[in-house]
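Pulled from TrEMBL, these are the features on record:
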- 1-52: domain 'Flagellin N-terminal' (DOMAIN)
- 107-181: domain 'Flagellin D3' (DOMAIN)
């Protein structure tokens with residue numbers, strides 16, 4: 001069994017390998033218990049229970065010795081709980097999404113001029129300087145006076161230089177900015193689980209309303225090794241499998 005225990009420590013073992021090793025260990029423990037229960041000497045079971053045998057060793061009365069017999073089985077040997085299976089402790093870490101707020105960084109934007117607009121859009125004859133607009137953490141350049149008027153995606157570097165692309169954007173409510181917007185704060189915010197809680201309630205889960213959170217599951221074995229798992233909806237102390245796409249909520 002020691003060989004089996006050592007073999008089970010190999011990290012290349014699959015779960016089926018560990019199951020097979022555990023099954024063989026269980027068989028050997030059963031054999032130890034069988035031998036313990038059936039081994040006899042002159043009708044006395046010598047391994048099945050604690051007992052004292054008195055043996056006459058001399059020709060005269062009182063010339064005896066006592067032999068203390070001890071129960072020997074898988075339990076007294078401390079092997080009855082031997083398991084090569086990893087004992088995992090489940091953990092659920094609350095999933096949050098980063099909500100970013102912005103503020104005026106004080107850097108004047110270098111908006112694209114006519115030449116830059118023509119270069120980006122492949123037009124000719126653009127005039128003036130385009131208006132730079134900002135919404136939801138993104139910059140846009142509003143182009144007028146060309147055959148390709150509209151809002152176009154743009155990036156702004158640390159120095160305030162604006163680089164526009166030829167990717168037209170459909171945006172409403174973008175406001176004109178004259179300064180470079182910089183990140184003010186990134187706040188971890190719990191993922192909205194109202195719809196998920198409603199679905200759980202409709203499926204018969206009690207207590208889901210107002211008590212549902214999205215968690216990232218992981219499992220820690222007895223050696224401290226942590227294995228990442230999927231997402232789950234946590235309701236009280238219960239977990240329900242869930243799908244979650246980070247890209248859809250950022």
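Cβ atoms are placed via backbone N, Cα and C, with glycine included.
In TrEMBL, annotation is done automatically, which means it is predicted and not curated.
Secondary structure of the domain 'Flagellin D3' (107-181), assigned with DSSP and counted as helix (H, G, I), strand (E, B) and coil, comes to 8 helix, 34 strand, 33 coil. The helix, strand and coil residue counts that DSSP assigns across the domain 'Flagellin N-terminal' (1-52) are 31 helix, 6 strand, 15 coil. Mean pLDDT across the domain 'Flagellin D3' (107-181) comes to 84 in this model.
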